[in-house]
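Trainee: Just passing along the structure, written as structure tokens.
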Amino acid sequence: MIGRLFGNVSQRVPSLLYRVSLMMKPQVVFVLGGPGAGKGTQCSKIVESYNYTHLSAGDLLRAERAREGSEFGQLIGNYIKEGKIVPVEITINLLKKAMEETMQKDEKKFRFLIDGFPRNEDNLQGWNNVMDGKADVKFVLFFDCGNEVCIDRCLERGKNSGRTDDNRESLEKRIQTYLQSTQPIIKLYEKHGKVRTVDASRSVDKVFADVKAILDKEG
Ligand code: ADP
Ligand code: AMP
């Protein structure tokens, strides 16, 4: 009886150890740039060619806003329309949950593009509090694009996107938020040599050629 019991345990232990050894720490690339810089467009292209999962903070917040029964739906909706940054507790939990769910489904999917995060000091602190030691941030992929180009692209996108913030009034606020809150975060990472900058004002293909060169070098 005892022998059978031990037998079963010892058979189970290697497979457990094997599973744990396969669980990699998430490898993260933060993707930043102004509204309309092309972050989402480039992340979709990266996912086609590289083993990355794209998590957009904005998309996760819009999905939470739309989720029936969400206690934060209205609050998120107001922040988005005003181009303001949603409190980090909400965003970080959505990101953490999405990362965990992805890795639980397939433990080989441990590479993440986190798009639109960290957008301010509060975001960065939230990340450090919740994720420090639990994920490795490899670098920041920065899509550098002039404000006017960004605004024009979002207005064009707004013709079909159905987004409440792709209009001139929201965009002025989003650009201000980007300049005041997000650029200092990019500068902070720059000081640590962790920013890879791409000129995002060019065509999608030209931008992607530079992105590929970065990813091929950095993995
Ligand atoms: P972000 O995720 O940074 O807000 P998107 O990827 O959604 O930006 O792009 C914003 C809009 O600009 C979309 O309508 C997209 O099709 C378009 N766009 C993206 N990259 C380029 C580019 N390099 N040149 C021209 N238009 C672009
Ligand atoms: P995006 O889809 O990246 O253009 O984001 C749209 C809006 O979602 C932003 O203007 C913010 O209101 C909100 N948002 C996106 N990312 C974040 C974030 N990291 N923290 C808080 N709010 C965010």
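Placed from the backbone N, Cα and C atoms, the Cβ positions cover glycine too.
Okay, these came from TrEMBL:
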type    : residues                                                                   : note
BINDING : Gly36, Ala37, Gly38, Lys39, Gly40, Thr41, Arg157, Arg202                   : ATP binding site
REGION  : 56-86                                                                      : region 'NMPbind'
BINDING : Arg62, Lys84, Ile85, Val86, Gly116, Phe117, Pro118, Arg119, Arg163, Arg174 : ribonucleoside 5'-phosphate binding site
BINDING : Asn123                                                                     : CMP binding site
REGION  : 156-166                                                                    : region 'LID'
Trainee: If you check the binding-site residues Gly36, Gly38, Ile85, Gly116, Asn123 one by one, which have a CB less than 6 Å away from any atom of ligand 2?
Mentor: Ile85, Gly116, Asn123
Trainee: Given the binding-site residues Gly36, Ala37, Gly40, Thr41, Asn123, Arg157, tell me which ones have a C-alpha lying within 10 Å of the C-alpha of Ile85 (ribonucleoside 5'-phosphate binding site).
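Mentor: Correct set: Asn123.
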Trainee: Distance between Arg157 (ATP binding site) and the residue listed as 'CMP binding site' at the Cα atoms, whole Å?
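Mentor: Answer for this pair: 26 Å between alpha carbons.
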Trainee: Run through the region 'NMPbind' (56-86) and tell me, per DSSP, how many residues are helix, strand and coil.
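Mentor: Residue counts in helix, strand and coil order: 19 helix, 1 strand, 11 coil.
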Trainee: Check the Cα distances from Lys39 (ATP binding site) to each of the binding-site residues Arg62, Gly116, Pro118, Asn123, Arg163 and keep only the ones within 10 Å.
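Mentor: Of Arg62, Gly116, Pro118, Asn123, Arg163, within range: Gly116.
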Trainee: To the nearest whole angstrom, state the Cα distance for the pair Gly38 (ATP binding site) and Arg163 (ribonucleoside 5'-phosphate binding site).
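Mentor: Distance (Cα to Cα, whole Å): 16 Å.
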Trainee: Any idea what the Cα distance is from Gly36 (ATP binding site) over to Gly116 (ribonucleoside 5'-phosphate binding site), rounded to a whole Å?
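Mentor: Rounded to a whole number, the Cα-Cα distance is 11 Å.
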Trainee: Cα distance, Arg62 (ribonucleoside 5'-phosphate binding site) to Thr41 (ATP binding site), nearest Å?
Mentor: 17
